[in-house]
Amino acid sequence: MGATGSCLHQPGSYLPSFVAVSGHEELRAKYRFRKVTGKDHTLLTREQFTDLLGPSPCTEGLFKYVDTDGDGTVSFNEIHKEITAFRSIKSPQAKLQVLYNFYDSDHDGKISRSEVADAMVVACGQALPKTQLEQLVNSTMEVFDADKDGFLNFSEFSTLMWTSGLELR
């Protein structure tokens, strides 16, 4: 039912902050963050985040992923910890787990048909006609939902990604 792979990174589970980000990089990032939020503000709203990155399903998914405390805003610390954690990941399997967690937008440990549809829109970089999107989701689920439970678990998602030619270095 849920993910079958070990979860090496969940939103909110962080590696030490010294991994993969230098002090200079952190200071520059803090400066840029404050430039966007204003010197007296320490949080980015969903709207500010979307304005910075542009409206898209990917932006919405990224916001949900980085908003680890679920308060509807993101702090510098939340962004810093997620970037640090991702940059420190070396194995392709662990990077694949991060992608799985990203696409599992409701964080229930499995990827639903609607989450597959959202992932396809992100991958295509544009909105697809509804009938075409439904056909893609149906054929994807038919081929990769091995246990036919209507969801992709981590193993099934991994098969889909490796079959698609995804390279995670």
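Glycine too: its Cβ is placed from the backbone N, Cα and C atoms.
Since the structure is predicted, the reported quantities are computational estimates derived from the model, not experimental observations.
Marked as domain 'EF-hand' by TrEMBL: 62-89 (among others). Taken as a whole, the domain 'EF-hand' (62-89) shows an average pLDDT of 86 in this prediction.
The domain 'EF-hand' feature in TrEMBL is assigned to 91-126 (among others). Residue counts for the domain 'EF-hand' (91-126) by DSSP state, with H, G and I taken as helix and E and B as strand, are 24 helix, 1 strand, 11 coil.
Taken from TrEMBL, the feature domain 'EF-hand' applies to 132-167 (among others).
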Helix-strand-coil residue split for the domain 'EF-hand' (62-89), DSSP-based: 18 helix, 3 strand, 7 coil
The domain 'EF-hand' (132-167) - residue tally per DSSP class, helix then strand then coil: 23 helix, 1 strand, 12 coil
